[in-house]
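Student: A single structure is presented below for examination.
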Amino acid sequence: MRLKRFLLRYFPPGIILEYEKGGELKTKAIDLLELSPTTDVDLVVEEIQKAEPLITASRTQQVKQLILRLQEKIGQQDSRQFYLFKVLRAHILPLTNVAFNKSGSSFITGSYDRTCKVWDTASGEELHTLEGHRNVVYAIQFNNPYGDKIATGSFDKTCKLWSAETGKCYHTFRGHTAEIVCLAFNPQSTLIATGSMDTTAKLWDIQSGEEALTLSGHAAEIISLSFNTTGDRLITGSFDHTVSVWEIPSGRRIHTLIGHRGEISSAQFNWDCSLIATASMDKSCKLWDSLNGKCVATLTGHEDEVLDVTFDSTGQLVATASADGTARVYSASSRKCLAKLEGHEGEISKICFNAQGNRILTASSDKTSRLWNPHTGECLQVLKGHTDEIFSCAFNYEGNTIITGSKDNTCRIWR
């Protein structure tokens, strides 16, 4: 084994080793999820060298410099205010979802008008209209980090795969017997998972365009699904009050997470795949040990349905959004509520962190989106201007651009 080079990963902090083994180029990641501006760097370097034979004494200084760079990035204070850059009269009918590519150079909007549109973020110009679905385009995603493909899931029961560069349709995946409402690419960008109102999830092979697996076992609609960071697990959240954990590529169901007393609205893995967070209409969020499928915490406090849940990029914070008009931030390790985000005058349907983990963005039926400090719960900015409910919002990876999608048929770019 021979170390070729180091690559830095800012969020979540880590160093990627590129090395040669038996003539093949391979990579492995050293996660530094606990790194903070006050961490003793020499100690971290020492621990890395003990654990990683590829990093020899001659590389010590280099590794130290990399960690100092990560530390500097984490410590950067962000007092940015966002301003409205463009209003895109995106579709003739309401939007369903918005999503960025990894670099944030382009984003996509899905709509009830049966299309998905690709936009250039810098100019606000429309690049492509992806046409071909025969009903609402509901679930949309880029194959990040690559960003060269787009998947669309529709109420017409099909999923389509498109070229992000040309807008050409590569495949139409047929097999579901009801609406597709959620989808995800695996991290390797070799599979697409789709979740449907027909109670099943399906996996599709991107290369061949064939169905690879059907995951059956839920007793009601699948409303949420996501892969873990390595792509060997998939979770599906259902209206049957449960979440299933599936082994990929075998399709074996490893665990059924039972305990919620209402429909699941969202289910997510944390970065190191040790925890699963689930949000439910029973007003609670639960944390589960992903290895044994046991519930390790029930995060309470909301007075109405929990509509969304998300981890920050390191997996140390959990944020929930509720129909009670508040959001909450919990510590994943202590399970305590760290901050209550109060100020919206309507339900919050969407919540997300920026990649840096120092900002939270919420979308609400009160026609505003808000920016928050996750540690103090302080509202830093209210993004006003939409004339109807905002149900989708996203940060780009750099954290310097925001998109919001509303029932007013427009999409707004803020930066």
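From the backbone N, Cα and C atoms, a Cβ is placed for every residue, glycine too.
When I checked Swiss-Prot for this same protein, it listed these features:
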type	residues	note
REPEAT	90-129	repeat 'WD 1'
REPEAT	132-174	repeat 'WD 2'
REPEAT	175-214	repeat 'WD 3'
REPEAT	217-256	repeat 'WD 4'
REPEAT	259-298	repeat 'WD 5'
REPEAT	301-340	repeat 'WD 6'
REPEAT	343-384	repeat 'WD 7'
REPEAT	386-415	repeat 'WD 8'
Student: Quick one: find which recorded stretch in 175-214, 217-256, 301-340, 343-384, 386-415 has the most Cβ pairs under 8 Å with the repeat 'WD 1' (90-129).
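Tutor: Comparing 175-214, 217-256, 301-340, 343-384, 386-415: 386-415 has the most Cβ pairs near the repeat 'WD 1' (90-129).
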Student: At a C-beta cut-off of under 8 Å, are there same-chain residues at least 6 beyond the repeat 'WD 4' (217-256) that contact it? List them, or none.
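Tutor: Residues packing against the repeat 'WD 4' (217-256) from afar: 178, 181-188, 191, 193-201, 203, 262-269, 271-273, 276, 278, 280, 282, 288, 290, 292-293.
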Student: Do any residues, 6 or more residues outside the repeat 'WD 8' (386-415), come within under 8 Å Cβ-to-Cβ of it, and if so which ones?
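Tutor: Counting only partners 6 or more residues beyond its ends, the repeat 'WD 8' (386-415) has Cβ contacts under 8 Å with 11, 78, 80, 82-100, 102-104, 107, 109, 119, 121, 124, 346, 349-350, 352-356, 359, 361-365, 367-369.
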Student: For the repeat 'WD 3' (175-214), could you work out the same-chain residues 6 or more beyond its ends whose Cβ comes under 8 Å from its Cβ atoms?
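Tutor: Distal contacts: 135-136, 138-144, 146, 149, 151, 153-155, 157-159, 161, 220-227, 229-231, 234, 236, 238, 240, 246, 248-249, 251.
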Student: What average pLDDT does the predicted model assign to the repeat 'WD 1' (90-129)?
Tutor: 96
